[in-house]
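Engineer: Could you have a look at this structure, given as structure tokens, before my questions?
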């Protein structure tokens, strides 16, 4: 292995690691706020990438139907709740909140040929289609069982993962898709050739991470999320609704997932089931941070990316084994160094 | 109190009505009208092999509803590319549906695992997977097993002949880290050694990997004349794109598992000039008119594409079609000997399948024998080059 190969591998590892880092942040966020270990995180990556690909192919993405179905279901549930509380006057608002965006998107997609739009607009359209799935899933699946134990939430989360990946197979087919690169530029630094797209992924990831930092440190919503993560009951007493915190964290998770999907789909082929493995690697990163620390999770995810890249050079057949075996020493290290606190169930 | 007392009664009433309904259904559907031929199919319509299994499943729907005046019932199950489910499906088909023939499965591991069920229940089985081990070496169990997909070895020989004629001396291999990649590696390394082609690299990657940079750099460091990629479907495009991106100018060979339109769509211009072996269906229209299977291949493609759209017929669906052709040819002889649904019929069907001689199917011409339950010769494979985003027959 000479220096050039080492550099190329490092570049590759950091690119993948940046995506894993984004996902690990989303996992930590969802877990701290709602105690859900969000297995379907990776599905948003696949949905983001494949929705963009089908928009570009001039097809109507199945994501739209899923969005409409979930929105109608959520509206129905909300209406039943409103009627039960004897507050029928809430119904118009419920309908507007749940169904306005899907209806607008459906109308837009039926009028405008998405394939001929500029790439930036296609990306925005993709995010508009995929991101609302996050809060809708929270409303329908996790909100009714918000007080259940972590184990129950995990099991439900696994079932959501299986459902979503099955739907993705139905919507997008068994074969994968690639989207055209955002930029064809290449840069030469020393011996190494750096693809513009790679640079874009790394920059975009770090920008998003910085934006998240700003969000949590400087905005009221971000602080509300942090407060809920630290102490749910305490936050509630301060007037922070656990439900809106949950919805917000799921929206952010969906945004991060879909955005990651859009970012990597020009570099690699994404399949309906690609998301799971990508999400799992983000999860390994999140374990590094003990499902609580954002910087540690991001660092862990970058490490996973680098380890993956170098092990694919030295022992390609054992790559996954090496990456996932990493969890064991990390867990040992964490259980030895952190004080164990009984979970309040 | 009232509530708790009435609850169990209501439950038992519900239970009773369900069991009555179930019994009614069982009576109505358990015994298909005697004398119908029942064909059980298990394919991998979901999971990793879905891109192969879906066209197979679609093709079963094109098979004739009657053969020699007998009605044929097809029961299609999905095994999700999972070996345990494939075996469970096979058992279910035999035990509950009393099938006369099992067609399936899509992948080699699934088909291998189903052999035991076929042998134990004395039901003939036609596999659509590639590995030669499914029907070789012939023994008491494989006595019941046939297959319609060309052996890996046949495909590998075509590649190696092409390599020799292109003056390739060193080859590196990048393949799936699973049974598919391993199977191709075993056949390729064995035959390459005999033909004096030196193998300078052997790397693996996973179907869902997002990057193969490490593998590609390692392979390129060995400076091979050509590279063989042992992967199926669109995931095979990833190493090819990485190789071109890193400036590899040599020949790239792909396995026969990439022969579908999605691969061309995803790989794009990076696949220009790629060579692969394939069943002749892929380039049916370009076959010389003297090719015995040209008409059958075109007929299959036309029928498939009328329903599923132009350009969607694949070689994999062709294996299912050919399994159907074997049944059509063998069933009349078996019907003369026994009634469908009986042990005698299954045995007669097996004997008739083994006796298939000179049968033209979409992938070639089948002549079976007691030792050869595949029956394809060299006519069942061609070399294809990707040219201008389309398949081109190498003459």
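Placed from the backbone N, Cα and C atoms, the Cβ positions cover glycine too.
TrEMBL does not curate its annotations; it predicts them automatically.
From TrEMBL, for reference:
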- A:20-42: transmembrane segment (TRANSMEM)
- A:62-83: transmembrane segment (TRANSMEM)
- A:95-113: transmembrane segment (TRANSMEM)
- A:119-138: transmembrane segment (TRANSMEM)
- A:150-172: transmembrane segment (TRANSMEM)
- A:192-216: transmembrane segment (TRANSMEM)
- A:248-271: transmembrane segment (TRANSMEM)
- A:283-306: transmembrane segment (TRANSMEM)
- A:318-336: transmembrane segment (TRANSMEM)
Engineer: Under 8 Å, at least 3 Cβ pairs, sequence separation 6 or more: does that hold for the transmembrane segment (A:192-216) versus the transmembrane segment (A:248-271)?
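Structural biologist: Counting Cβ pairs under 8 Å, at least 3, so yes.
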Engineer: Cβ under 8 Å to the transmembrane segment (A:318-336), counting only same-chain residues 6 or more beyond its ends: which ones?
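Structural biologist: For the transmembrane segment (A:318-336), the nonlocal Cβ contacts are 280-281, 284, 287-288, 290, 300, 304, 307-308, 311-312.
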Engineer: Name the range, of those listed as A:62-83, A:95-113, A:119-138, that has the largest tally of Cβ pairs under 8 Å with the transmembrane segment (A:150-172).
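Structural biologist: Out of the listed stretches, A:62-83 contacts the transmembrane segment (A:150-172) most.
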Engineer: Cβ pairs under 8 Å with the transmembrane segment (A:119-138): which stretch of A:20-42, A:62-83, A:95-113, A:283-306 has the most?
Structural biologist: A:62-83
Engineer: Where among A:20-42, A:62-83, A:95-113, A:283-306 do we find the most Cβ pairs under 8 Å to the transmembrane segment (A:248-271)?
Structural biologist: A:20-42
Engineer: Taking pairs 6 or more apart in sequence, does the count of Cβ pairs under 8 Å between the transmembrane segment (A:283-306) and the transmembrane segment (A:62-83) hit 3 or more?
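Structural biologist: With fewer than 3 qualifying Cβ pairs, these stretches do not touch.
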